[in-house]
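Quick paste of what Swiss-Prot says about this protein:
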- CYS68, CYS73, CYS79, SER308: [4Fe-4S] cluster 1 binding site (BINDING)
- 80-297: domain 'Radical SAM core' (DOMAIN)
- CYS94, CYS98, CYS101: [4Fe-4S] cluster 2 binding site (BINDING)
Amino acid sequence: MSKPIQMEKGVKYRDADKMALIPVKNMPAEQKEVLRKPAWMKIKLPSDSHRIQEIKSAMRKNNLHSVCEEASCPNLAECFNHGTATFMILGAICTRRCPFCDVAHGRPNAPEAEEPKKLAKTIKDMKLKYVVITSVDRDDLRDGGAQHFADCNREIREQNPNIRIETLVPDFRGRMDVALELMKDNPPDVFNHNLETAPRLYRKARPGANYKWSLDLLRKFKEQHPNIPTKSGVMMGLGETKEEIVQVLKDLREHGVTMLTLGQYLAPSRHHLPVERYVPPSEFDELKEIALELGFTHAACGPFVRSSYHADLQAQGMEIK
């Protein structure tokens, strides 16, 4: 029996080290038959990487993080090449250890006080018109990081008066009302919180999270800001059934959510949850039709769709796959 890992502050724990800390153990990929990626899951990389390096340099210069890099998003090259990125605030170490996610786990450092100003300046330098701000979970903070979100929104708007902001927030476990109150005066243009999967799979995929809590967060924000659209994302390929996903869509609509992203789960490494199934594009198309029939005004559904993938186009109602 191996010794438990003693986490050091500010150190990133990934892959096997991260998975060793999860109470619900999952079978390693080498013990299961690994599914081969079908033809529709192949990505064509851009021939010119100049814009990609530009964005990475801007991030490094200001000590900022993108969820695109930290979570090993398959769309990184495409998005960076188009000059878009999803900024990840409050550091790059998460207090949760979800086995589907590639963001590092550990004991994070204190939030950087100058991050809102640095973030706003970087966005201004990049001449962005639409920006997505997300964060790691910060269960170590009394407000879950809500004040930092509010500070970032305020600073971004001061330096970029015509920008539109989408925030992809954590669940603010145990401090929802405090968080919503702190963010009340500096809300985003789109409020996003991902359910990720069906409730049956939460213990396996989202240890520490609660399906009903996440739905309530979306509902309470909508009640507080009835004119701001709310959004949520769900992955497929973790072992859910189509019927379960349809029920998730119904639950989202019942809680006032009008924007949806639905994409294929991809395992970041052999240590993470394995892919149970590759969902064909035709099934995503069917689910999109169901979503629109249920009353979603925006539904981006496809194998490579991610919560912030072409978020600016999603917000305009353009078709994203």
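Including glycine, each Cβ sits where the backbone N, Cα and C put it.
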How many Å lie between the Cα of SER308 ([4Fe-4S] cluster 1 binding site) and the Cα of CYS94 ([4Fe-4S] cluster 2 binding site)?
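That comes out at 19 Å between the alpha carbons.
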Other than CYS94, CYS98, CYS101 themselves, what residues in this chain have Cβ atoms within 8 Å of the centroid of the [4Fe-4S] cluster 2 site's Cβ atoms?
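The surrounding set, listed in chain order, is ARG96, ARG97, PHE100, ASP102, VAL103, HIS105, VAL136, ASP137.
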Counting across all protein chains shown, how many other Cβ atoms sit within 10 Å of the Cβ of CYS101 ([4Fe-4S] cluster 2 binding site)?
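Counting Cβ neighbours of CYS101 ([4Fe-4S] cluster 2 binding site) within 10 Å gives 23.
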Taking the Cβ of each of the binding-site residues and counting other Cβ atoms inside 10 Å, which one has the highest number: CYS94, CYS98?
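Result of the Cβ crowding comparison: CYS94.
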